[in-house]
Amino acid sequence: MRVALLGGTGNLGKGLALRLATLGHEIVVGSRREEKAEAKAAEYRRIAGDASITGMKNEDAAEACDIAVLTIPWEHAIDTARDLKNILREKIVVSPLVPVSRGAKGFTYSSERSAAEIVAEVLESEKVVSALHTIPAARFANLDEKFDWDVPVCGDDDESKKVVMSLISEIDGLRPLDAGPLSNSRLVESLTPLILNIMRFNGMGELGIKFL
């Protein structure tokens with residue numbers, strides 16, 4: 001499967017690129033600047049070895065993929081989705097986006113509606129799937145890291161959700177869990193500021209989640 005990581009130059013994009021590429025998937029790292037995407041793709045290839053990882057501008061990456069993952073900072077994500085609307089409308093689009101604000105008392109969820117629902121509205125698409133919000137990105141980007149985390153997944157299109165859950169399940173240590181329709185995304189996204197607050201107030205490192 002060809003997976004585009006739009007804005008895939010951060011830790012979540014790096015982790016997905018390395019782990020999915022070593023499983024045999026074709027990875028396209030997207031960025032607003034092609035040279036940055038190509039440089040990151042070359043960096044990832046050096047780590048992953050004989051793997052298919054290329055770099056392109058976001059527009060070209062979106063055009064080339066079967067699945068697009070919005071590994072973009074929240075503040076730029078909606079503009080990017082709007083710019084790529086005509087390309088992404090018919091694609092499966094994964095949203096790990098979380099609107100988070102940091103204040104004196106900690107982290108808060110900063111949106112009336114879920115990021116995933118906003119993306120779906122912008123794209124006019126039912127194929128948006130909400131997932132990967134609670135992945136500790138720096139740990140995930142380290143191939144030596146061993147983990148056992150659950151990944152809640154929300155979506156309205158059952159087939160798109162099944163494809164994304166199947167892809168996630170290929171990564172050793174991740175268990176996708178169906179968390180219902182896209183309207184539940186706000187519940188899942190709000191786990192991220194909760195985790196960040198637990199880390200902050202307890203002096204803990206990056207945390208994932210596991211339902212027992």
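Yeah, the Cβs are placed from backbone N, Cα and C, and that goes for glycine too.
Annotated features in Swiss-Prot:
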type: BINDING; residues: T9, G10, N11, L12, S31, R32, K36, I72, H76, V98, A137; note: NADP(+) binding site
type: BINDING; residues: L207; note: coenzyme F420-(gamma-Glu)n binding site
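Applying an 8 A CB threshold to same-chain residues 6+ apart, the list for S31 (NADP(+) binding site) reads G7, G8, T9, A37, K40, G55, K57, N58.
Annotation for N11 (NADP(+) binding site): same-chain Cβ neighbours under 8 Å, separated by at least 6 residues, are A137, A138, F140, A141.
Distance between Cα atoms for K36 (NADP(+) binding site) and L207 (coenzyme F420-(gamma-Glu)n binding site): 29 Å, as a whole number.
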